[in-house]
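Enquirer: There's a structure below that I have some questions on.
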Amino acid sequence: MLSTLQPPRSLSHFRTNPTLLLRYTSLKPLSSLSSQPVIHSTITDQPQSPNPLPHSQILSTRHSLLSRHLTATQLADSFLARLRLTEPHLRSFLHVSDSVLAQARELDEKIQRNEELGPLAGVLVAVKDNICTAEMPSTAGSRVLEGYTPPYDATAVRKIKELGGIVVGKTNLDEFGMGSTTEGSAFQVTANPWDVSRVPGGSSGGSAAAVSARQCMVSLGSDTGGSVRQPASFCGVVGLKPTYGRVSRFGLMAYASSLDVIGCFGMSVADAGILLHAISGHDRLDATSSKREVPNLEAEFVSISSLDSKPLKGLRIGLIRETLDDGVDTGVTSAVRNAALHLEELGCFVNEVSLPSFSLGLPAYYILASSESSSNLSRYDGVRYGNHVAADELNSQYKDSRAKGFGSEVKRRILTGTYALSAGYYDAYYKRAQQVRTIIRKSFKAALDENDILISPAAPSAAYKIGEKNNDPLAMYAGDIMTVNVNLAGLPALVLPCGFVEGGSAGLPVGLQMIGAAFDEGKLLKVGHIFEQTLQNCNFVPPLIADEVTS
């Protein structure tokens, strides 16, 4: 699928313009950002405006294009060069578009004609391969859809294109989003840019790794039980899961319809927030999309230089006690507690809160998600679309097409869901799981009535070795315990890197999860943005590209 890429001999042969790389990859340590100028820039900034959000690739790119300091073609060529260089080591992409440079040249021509640019003009976006794209294959990481190209774009992809964004390609994932490592992909396993012997997380591991390795500026993923937030933690990037209904699911291949959302990855909180704003809003093609007005999320990105020494004074933060119990690595616990101390230094009042139903979320999630997947995946029958196996009888065609098209994890979850929905077990499993879901929603509401934001680790450990949990699916499922409750409650959550633990050649990143009330993404972005600007002595550039971007 990556026939358009020619693997280089080694990373040392990367020789694109270093000035362009340093200027447009947001590589300054987070500790240096507090001294940057005022940030009150908007998506509609004109060239004469002050430099917008130095740590936002999206706004910096727009400013540079409008001021003619950089062409879209130069920018695209620089990112594609790094993609070609790093891709043989990472395998983030299942398909790379062959029209990126052509689209960049068209954008340069519009600039020369002084035509109006969209707010995402020149922004290179990677898209998870379970989100439909009309001009590129969309396989969901499954052999059953190998080579399938949809006749339409997902609503989120369409909005990105309408605003001037350029889709770089389709990223790897666990098949149909069922997994936490990308090892469940039918095509390849993605590696973590911090240590290529480790997993990037999943199921949106390809999207997270692509942003971490600066193969693109931002990316789209999907989050059913933590598939944006856990890989964001493993790869040291920002991951944003919106409230259920904030973003249209039209064009997202369904896994568990009541849990699925499209989320965003970025190198900074600002980039993730701007991308979310671009794709949010009601869609008549998705009956579950909210009609609630989308606020100006970019207004939350205020420079700390314009605030006092306690920019978050009075904010109430609840640290979820159950997320720091046995089973969580001590390094992760330490990093999260240090993050809580940092929030206190910013003026927050941090206290521990208890969610007694927290541990119930994991079994309830897997019952509900598997049940919904057993229904949603019945459409892949070898008749309507996708690969099929010739057979004399229709039932044989169904059976053989699915047997050869689906991987072992997908089959496992379909069987689990079918069992839970069967006549003799519906009340004991599916109905009871729905009751637990109601309890979890109420417990989160009660906690968020007393606190502005809840915090926890994004995962019980940092990235682990490829193959380490292949033979123990239950251990892999347990890794989702920090994230699944948020999906069951339909709440928004932001994950951003907050520290490191030992591992690899330069340590492994740890992500802090911030959970907000429904449709309160703005508050999460504001707090995350200030936290990010004030975090000291942390530079989240993975070793794979560190020499190139700092030399």
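Here, residue 1 is simply the first one shown, and the rest follow in order.
Glycine is no exception: its Cβ is also placed from the backbone N, Cα and C atoms.
Copied straight from TrEMBL:
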ACT_SITE  K128  active site, charge relay system
ACT_SITE  S203  active site, charge relay system
ACT_SITE  S227  active site, acyl-ester intermediate
DOMAIN    77-525  domain 'Amidase'
Enquirer: Could you round the CA separation between S203 (active site, charge relay system) and S227 (active site, acyl-ester intermediate) to a whole angstrom and send it over?
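Expert: The separation of the Cα atoms works out to 5 Å.
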Enquirer: Between K128 (active site, charge relay system) and the residue listed as 'active site, acyl-ester intermediate', how far is it from one CA atom to the other, in Å?
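Expert: A Cα-Cα distance of 11 Å.
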Enquirer: Starting from the Cβ of S227 (active site, acyl-ester intermediate), draw a 10 Å sphere and report how many other Cβ atoms land inside it.
Expert: 35
